[in-house]
Amino acid sequence: MKYLHTICLLFIFVARGNSRSCDFCHNIGKDCDGYEEECSSPEDVCGKVLLEISSASLSVRTVHKNCFSSSICKLGQFDVNIGHHSYIRGRINCCEKELCEDQPFPGLPLSKPNGYYCPGAIGLFTKDSTEYEAICKGTETKCINIVGHRYEQFPGDISYNLKGCVSSCPLLSLSNATFEQNRNYLEKVECKDAIRLASL
């Protein structure tokens, strides 16, 4: 059930764009075939996003091709340690043409805990999921907190939130978020220093 919720959450994070023509599709896996669609301002580039949820030896990947705003392209890539040995990772590839090159996913680093932690949470249909302690590893010294919602005709208003450890703060902010014609809203993008674990 956790994987089902996560897959749904990954699809929500990638907003549909609506004056360039780009390929449009979503799928579970590494690639998808779709149809060409006109983009509208501020979505001015074509993009391909690969998303992955990894937990221990298991992983699920999804692919999304769409129109994007240049601000989304600045993210490039992200790796969020959501705790419980689980990661959500993304690779964003933007280009002038419909075909975009992939950025491969490297293997997860075998990093050790670094003495810091962040609130960890992953929620769908809620902005206030129960938090747990996500133990940061390696170079992860920042805490990320993203909250938003997306309106669909069915099932309606879908809320989501994501919290965990990251190595650096993303360039994404509320000021450059894509609102997708009042369908997709980022309500909070917060990044701050991780919390040091208490000494035993």
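Backbone N, Cα and C define each Cβ position, glycine as well.
Of the listed cysteines (Cys73, Cys100), only Cys73 is recorded by Swiss-Prot as the disulfide partner of Cys94.
Matching Swiss-Prot disulfide entries to the candidates Cys8, Cys46, Cys95 identifies the partner of Cys22 as Cys46. Partner cysteine of Cys39, as given in Swiss-Prot, is Cys67 (from among Cys25, Cys32, Cys67, disulfide bond).
Checking the candidates Cys100, Cys136, Cys191 against Swiss-Prot, the cysteine paired with Cys165 through a disulfide bond is Cys136. Cys95 (disulfide bond): 14 other CB atoms within 10 A of its CB, across all protein chains. Cβ neighbour density within 10 Å is lowest for Cys169 among the disulfide-bonded residues Cys165, Cys169. Cys22 (disulfide bond) falls within a strand segment according to DSSP. Between the listed disulfide-bonded residues, namely Cys32, Cys94, the fewest other CB atoms within 10 angstroms of a CB are found at Cys32.
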